[in-house]
Structures are given as C-alpha cells and as structure tokens.
C-alpha cells in the first residue's frame, strides 16, 4: 500500500486499496482516503504501508515519527495508546476527544463508538472542573469516557469515568413526627454528645449515627450533629463565655451557663474548626437524603465511606469532597483510585452543576479499567 505525506496528512495513493483499508477500520474518505498520523505510523511499523514525502522520498519509521512529533507535540502519547488499543483488538478512530473507541470486531461507520478517550501523561494535571465537563460531555454524546494515562516507563493505565447514581433505597424515617421534642446535647470541642439514652441508642442502632458509649451516650461528629439539628432532632447547647472583667466584678460563685444555638451559629462554629465544613455538610446531607448510610472515611484517606443499605457489612464507596478550583495531579488521582480499588470500593468526587437558577450535586465515579 502506498501513501503520501502532505501538510501533516497521510493520503493513500491508488483507488484500488480504498475499500480494503476502510474495511479494516483505517482512515476516513475525504475525496481520497486520509490516515491519521497514528494510523500511518502503525501501518508503517507493521510493514503494511510505504510512505513518501511530497518530493517522492520514501520515509522510514524514524523519519516519519520525527515529522509526526513536529506536527503534533502529543504524538508520542497518542501513538503509544493507539498501538496498545490496536494490539488489544479494538477499532480506534481519531476524533476531537483524542480517540473514539469501538467494540472489538466492530467497524467504524457500521456501529457507533462506545467510548471516547482522553489522553494524559504522568506529569499532566486535571482540574475538578475539567473532570466535571468531561462527564457532562459524555452525557450529551451518550458515550462512556475513558482517561488514559501514560507513565514515565510508557506503561498505560486506563480509568473509567462515570456519573454515580445513588438511588434512595431506605429513606430515613421522620422520628417523632412534626411534634417531636428536641433532645438536648452538649458541644465538646469538635464533637457533640447526645445524653438522651433512648434516642442515642435508636439513632445508633437504626440509622448508624455516631459512636455509642457503654453509658448510652452518643458521640456525634460536627457534620452528623448539624444534619440532625437541621432535621429538628437535636438542640445543641454551648457554654456561655464571660469576659475576665465580668468574672472579676461578680461577687457570686462562678457557675457555668449553657445556651442553645441556632443552625447558622453552629455552622459558623464548625467552620472555625473545619474550614471545609460546609462543603462536606452539603454532600453529607445530600447522601443522607438519598437514604444512604454515611460514615467517616478517615481510615481510607477520604471524607466519607458510604453504604448502600443499612444491612450492608462493607461500604461500597469512598467520597472525598474537594473545592471547585481543585486540580489533580495524575499521581494524586492514581493514588486515590488505587487505594479504593484495593479495598473493593469505588472512588467518588462530588461537584456542583448549575441547573437553571439552582446548583445540584453530581458525583464523578472513577475506577481502574481493564480493556
């Protein structure tokens, strides 16, 4: 098969080969058959094509690769991934999203691509906003995105990216109805203590809140307490602080006064302890409202671990909340996904998406993928 390199494009010469090359999943017909640089390099390396420049000089593989790198700085990464996918038996076509990937045995044009691939090197960065945009593009195109990362040893890791869908399996019961009485709690540093033994055991046994002590006291995290407070189950009291001057002027023995706080003041207090508290809270609330069981993910290096049902022994997801402006290094992304994969969980990152005048929370689910 003969081809000519012209202006960064490789054009197949001879109409007798057109049907054959298209049938094998290479090239696009634009008057003549045009090959991408990756397709041409692959066919040249496998001895299935001969390429000449416009002056008629035949190019060897080394000369062609040098030219391809001049035209496309990412050619080396693209070619490594293209070759890997072709050797795995896939049909691959270049596109505006790096590559379209077709099922094994499928011919481009006869069946639609199932995936699109975004290519990164180990030294690249990926922002949370770009990751969210990738997911939105996938939804609009009805394709499944794949992130392909080439490391410094030229090994390739593939990551599937999808939107996590949480279905409300067991919505929480409204404990006590509209006339429920708020249980008093005490704020102790970075946690809240619920003293009501009956409610404490109920919340712990039935809804998996906090940690229950032998004395039937429930120790709640700040995010758990805020959620239960907003649901109308808790009244949180804080010690009323007096200034040194007020204490000096008082002739009576000092007593500790406790004063209930509203939700806004409690959030302000929690934010002073955990600067990302509100970001975590809105995700926690969203997951709880979906009927999921949410516990700390500290042991796994994440904010939350999530169970699909209350009967589930092991959690299914690790969720880490990040600011909108966060930018991942490939090493950071790889570490998080690898850890989740090692403990048989899915790694999920929440993000906010505008829907009209409102913002809704969506979840990016990233996992290692075997092709």
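Yeah, the Cβs are placed from backbone N, Cα and C, and that goes for glycine too.
Whatever TrEMBL says is automated annotation, not expert-curated.
For 1-64 (among others), the entry in TrEMBL reads domain 'tRNA intron endonuclease N-terminal'.
Under DSSP, the residues of the domain 'tRNA intron endonuclease catalytic' (75-158) split into helix, strand and coil as follows: 27 helix, 32 strand, 25 coil. Annotated domain 'tRNA intron endonuclease catalytic' per TrEMBL: 75-158 (among others), in sequence order.
Residues or ranges marked as domain 'tRNA intron endonuclease N-terminal' in TrEMBL: 184-242 (among others). Secondary structure of the domain 'tRNA intron endonuclease N-terminal' (184-242), assigned with DSSP and counted as helix (H, G, I), strand (E, B) and coil, comes to 20 helix, 21 strand, 18 coil.
Taken through DSSP, the domain 'tRNA intron endonuclease catalytic' (277-356) splits into 29 helix, 24 strand, 27 coil. According to TrEMBL, the feature domain 'tRNA intron endonuclease catalytic' maps to 277-356 (among others).
What TrEMBL lists as active site is 307 (among others). Long-range Cβ neighbours of residue 307 (active site) (same chain, at least 6 residues apart, Cβ-Cβ under 8 Å): 208, 292, 293, 294, 295, 314, 315, 316.
Positions annotated as active site by TrEMBL: 314 (among others).
Marked as active site by TrEMBL: 345 (among others).
Using DSSP to sort the residues of the domain 'tRNA intron endonuclease N-terminal' (1-64) gives these counts of helix, strand and coil: 22 helix, 22 strand, 20 coil. Put plainly, the active-site residues 314, 345 were compared by Cβ crowding within 10 Å, and the winner is 345.
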